[in-house]
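Pulled from Swiss-Prot:
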{"type": "BINDING", "residues": "456, 462, 465, 466", "note": "Mg(2+) binding site"}
{"type": "DOMAIN", "residues": "39-148", "note": "domain 'tRNA-binding'"}
{"type": "DOMAIN", "residues": "402-478", "note": "domain 'B5'"}
{"type": "DOMAIN", "residues": "706-799", "note": "domain 'FDX-ACB'"}
């Protein structure tokens with residue numbers, strides 16, 4: 001929110017300096033972002049007098065001028081159409097920096113004629129957007145004096161407004177705060193109601209549905225006839241230019257001025273462009289189209305409030321007017337709108353349309369509910385004074401919403417919540433200075449009625465904040481944080497397990513990724529999700545509209561982005577939630593991993609190979625083992641979800657519980673994400689892992705080593721082709737759990753030397769005695785039990 005010091009002093013009687021005003025604003029919570037002093041950039045400029053202006057000998061559009069700078073007569077080549085003899089101008093001498101461009105002015109030749117200076121336009125001085133001609137100063141302006149002494153430029157203060165302080169989005173609201181803070185007094189408002197000269201030929205109405213919802217609760221209108229919509233006076237243009245608002249025409253500038261002066265947005269229609277005799281605030285109908293004042297066309301729907309005439313929507317309530325009924329230089333009859341729109345509805349409509357405007361910025365924060373009539377009367381006075389014409393009687397629909405409220409303020413609570421002791425009398429004085437009505441009958445609590453413009457004050461704690469704010473945040477004593485000894489941080493078993501899994505995957509060369517918990521619904525459907533319960537009602541982006549049923553698509557997309565930037569060989573993992581329902585608790589914590597490209601960089605000692613099924617299986621088994629699950633009891637089956645390759649994937653179970661799925665990502669799943677493969681991945685359900693029994697201990701169990709030599713024996717079994725290798729391993733391991741410490745498959749054969757539909761699995765079994773060296777008889781006995789177990793449980797036979 002920007003304002004000039006002169007503008008502020010229209011509302012605040014004070015002799016305070018700019019520095020004092022800025023300091024007080026920050027102390028009151030209206031933080032000053034910047035103080036702009038336009039005089040600093042204009043210091044080198046002086047008032048010049050055009051003694052003679054004649055044609056340039058070599059250019060029809062240029063003029064050759066002799067200009068008195070007060071100390072010298074300069075020859076200046078100028079292209080401005082209004083350059084003429086006798087004109088007083090803003091003169092830049094060589095060495096001056098032009099504010100609009102930052103260029104240093106130098107003497108130079110223009111079409112063969114030396115130019116020794118520059119006569120400047122408003123835009124070149126950074127004072128506005130007008131560049132059709134050079135600045136024309138009053139004829140009695142002294143020659144050679146500094147330009148800043150003539151222009152009487154005001155410093156501009158820019159403050160940051162918190163969302164609750166809608167009242168400070170107008171200069172008068174800022175003046176009220178400064179006065180309440182002890183920096184001067186608010187100048188009384190002398191505005192009086194202006195009687196209408198004739199009945200308004202245009203009426204106003206609020207649709208019952210719109211009125212009932214509160215989307216528009218109060219609409220005040222007024223008709224003006226015989227107005228002149230010309231250029232605004234200099235004082236009005238200067239104020240708007242100073243705060244960054246481009247002057248357009250008298251009528252538009254007046255509505256903009258009231259918006260920033262009183263935080264009261266207004267709108268004016270060209271009455272001759274309206275159809276019918278009634279303007280209605282109603283819900284927008286689906287498919288209606290309006291071309292707004294920003295030159296863009298918008299398709300309307302709820303929750304937009306359409307300001308409509310007999311032909312359809314002519315404005316977007318609380319946001320922006322329509323181009324078709326906008327005023328222009330030919331306008332002679334206008335209709336003024338001063339209405340009240342609901343903050344939440346205006347915010348929703350603005351987001352739906354994608355429009356940011358000064359009106360929306362104020363309405364969605366809350367405009368003074370009593371300001372419709374005030375805004376209409378203030379605009380009426382300015383229109384009649386500056387544009388002439390006659391005003392009709394007011395036409396009104398609806399009424400201000402009920403805003404009066406009485407809040408009990410217990411002075412004792414101020415010290416408790418605010419952290420500072422404030423005398424009761426000071427509280428009363430501060431709140432009354434703020435515009436509140438305060439009743440103090442000596443009871444425990446004060447009875448406080450906030451003013452209409454402070455829509456943010458609704459409870460006792462709001463009043464306490466105001467008391468402390470006006471008393472001074474800097475007077476709140478600093479209290480050191482307590483230094484009581486705190487217990488050491490305690491992690492739950494689940495948290496410890498999550499950290500352990502992360503570290504394990506990181507040590508295996510994977511990089512941790514953190515991705516969104518949502519993804520496109522079409523992608524979610526390809527990974528078992530996309531149900532209505534998992535679709536977001538208000539997504540942060542249209543392509544992130546569903547909660548993720550799996551982390552894998554996010555990792556696949558991340559790997560694809562890395563590959564597009566030249567990093568195709570990588571491993572990623574993420575630990576986070578996946579969602580299988582829309583209710584609380586319908587989510588699980590999972591660890592997901594993905595490998596793409598080569599498993600290791602190229603090296604002369606070994607050929608490079610792509611990451612495969614067995615690499616990712618080793619990753620997930622390492623994570624399961626690190627989490628403390630009984631790996632010896634795991635079973636592997638080939639029934640992974642559909643987004644895995646059916647012949648190169650599997651699931652890991654503990655009993656009937658599915659712990660993880662792993663394998664090569666299905667080409668269709670990669671195509672859904674527009675990513676090239678192959679890629680392998682896994683997803684481990686951490687919530688499904690059994691928690692460790694007993695209390696955790698920081699001490700490791702003793703390392704038990706056998707002093708006796710281990711014994712390895714190899715076996716080759718012929719089994720049906722459909723028998724899983726894991727089944728053979730488990731059968732062999734179960735033959736003697738005390739002696740057998742490891743079983744691995746080191747060879748698989750299917751070929752002509754075996755019957756069709758059968759395969760050979762070669763196993764290496766390690767026996768580790770603990771109390772004596774095994775004899776040949778003991779080894780043969782264990783071997784026989786191994787053969788018997790595999791034959792019984794898998795139907796296989798020892799290969800001869």
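Placed from the backbone N, Cα and C atoms, the Cβ positions cover glycine too.
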Exercise for the section: Note the Cβ centroid of 456, 462, 465, 466, the recorded Mg(2+) site, then list each other residue of that chain whose Cβ lies within 8 Å of it, in sequence. Expected result: 164, 454, 457, 461, 463, 464, 469
Practice task
Please classify the secondary structure at residue 466 (Mg(2+) binding site) using three-state DSSP.
Solution key: helix
Handout entry: Most Cβ neighbours inside 10 Å, all chains, among the binding-site residues 456, 462, 465, 466
Key = 466
Completion exercise
In this predicted model, the domain 'FDX-ACB' (706-799) has a mean pLDDT of 92
Completion exercise
Summed over the domain 'B5' (402-478), the DSSP helix, strand and coil counts are 33 helix, 10 strand, 34 coil
